[in-house]
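Per TrEMBL, these features apply:
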TRANSMEM  12-32  transmembrane segment
TRANSMEM  52-71  transmembrane segment
DOMAIN    67-450  domain 'Cation/H+ exchanger transmembrane'
TRANSMEM  83-101  transmembrane segment
TRANSMEM  121-139  transmembrane segment
TRANSMEM  151-173  transmembrane segment
TRANSMEM  185-205  transmembrane segment
TRANSMEM  217-240  transmembrane segment
TRANSMEM  252-277  transmembrane segment
TRANSMEM  289-322  transmembrane segment
TRANSMEM  334-354  transmembrane segment
TRANSMEM  366-391  transmembrane segment
TRANSMEM  425-449  transmembrane segment
Amino acid sequence: MNKVSRVVIEYAGLVGIPVIGVLAALQVGAWLQAPAATATGAFRGAAANGGFSLPSLLFSVAVLVACARLAGVAARWLGQPQVVGEMAMGIALGPSLLGWMAPTFSQALFPPGNHAHLNTLSQLGLLLFMFLVGLEFDLKRLRHLGHTAVLASHASITLPMLLGVVLALYLYPRLSSAEVRFNEFALFMGTAMSVTAFPVLARILRERRLQDTRIGTVAIACAAVDDVTAWCLLAGIVALVRVSEHALPVPWMLAGLGAFVAAVALLRRFGLGVFLASYNRRGRLSEDTVAVLLTIVMVASVFTEWLGLHLLFGAFFIGVMLPKNEAFVEAVTARFELVATTLLLPIFFALTGLRTQIGLVSGGQMWFYCGLILALAIIGKLLGSALAAWISGLPPRDAIGLGVLMNTRGLMELVVLNLGLDLGIISPALFSMLVVMALVTTFMTTPLLMRLYPRAARRASGVPASSPAFES
């Protein structure tokens, strides 16, 4: 069998069959009926009533920043990435723990009147974070992907997508609402199962000194492709939901999106290079450059929101299109990261925790649903990535290691889940189950990776290893 035939067969089995399965499940799901809508209507939570107090808001933010930092330190002490501690902190400060143990204190700490303002700050933090995620993504990586990375990245999307859509056939009549169409629900579940947290994965590899190894290089490439694909799918889902409500007609949306992409491409070719030239000339990032970058990010976000997508897509796209000079990227990241990750993102974690109500996952049946979601999420990512990597020629240990790394969901999953809850696609109970899945899959990555590569674990902890962790 020649090489071309083998590649075709591999793609047909690992990518083509799951895609066909997704399409078939969507057709079957069209006949399903969800439970009738409850008296509260859609899943979107109504804005809480109550007066606003600036000192109270500032105190809430101060507590969140301090708790996030302490939780991050604790997570690193346990050998986990900082985001695991911050995710756990958000849940602990919500109704699942603090609100359950001390409801009066919880309400005093996060008064209902402050929730809308905290949400605004968290959205600004997410916007800047997505800009930084796009900034880390280099389009040139896609041009140099080897066969292993290409097949593994596609299989790590299609198999979880298939399992998510098939799972939706089971969950839609039980956990959805008649106000939500099956296709929206199923595609969202598939996308939620397919997400890999590119920034968290990259940080884990750097902390374990694995970024320059063979498995590290393949994992970074796969995660980058996964992220872009997941956000494209999510953009389509958002457009599908909003077209049915109040957004622009589809032809106008597509025309506007095309104009936006063309404008940013022209800006990249003739304008964005000015930032790099200014940086090279001055040796630093000027205040004027920061101000112009912020303006471009905000305007792009407003435009994608107006198109009926979401403001995060505009920020992400601008980050992707900026020049990828290493020193320039580091300088921009240093300027934006301080505000985004230190001040504003802890607010997002806390709001996610306030929306996560583990108490809704009560009874054996609900925990069965939660366990099923977790099991299929792990199996889809691990099996899809590992099988494709092994077929492509990676040793079994490295293939399994890739599957473990691709299971990292982290903050990116929380962004997707909050968007689904805001759009009314998923219920608060299902949202809570998916948050548990995101936390568990992110938490398990580092311990499993260190079990697979014990020399890398000793090297990361400062204990010299007698030989490299594995071949580069």
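Cβ atoms here come from the backbone N, Cα and C positions, even for glycine.
Contact check: the transmembrane segment (83-101) against the transmembrane segment (289-322) gives fewer than three Cβ pairs closer than 8 Å, residues 6 or more apart, which falls short of the contact criterion. Of the two recorded stretches, the transmembrane segment (425-449) does not lie close to the transmembrane segment (121-139), with fewer than three CB pairs under 8 Å once pairs fewer than 6 apart in sequence are set aside. Counting C-beta pairs under 8 angstroms (sequence separation of 6 or more), the transmembrane segment (366-391) reaches the transmembrane segment (185-205) with 3 or more such pairs. Using the rule of three or more Cβ pairs under 8 Å, pairs at least 6 apart in sequence, the transmembrane segment (217-240) is in contact with the transmembrane segment (151-173). Across the candidate stretches 12-32, 52-71, 121-139, 185-205, 334-354, the maximum count of CB pairs under 8 A to the transmembrane segment (151-173) is reached by 12-32.
For the transmembrane segment (334-354), the list of distant contacts is 61, 64-65, 67-69, 86-87, 89-96, 99, 110, 115, 118-119, 121-122, 124-126, 128-129, 131-132, 285, 290, 411, 414, 417-418, 435: same-chain residues at least six beyond its ends, Cβ to Cβ under 8 Å.
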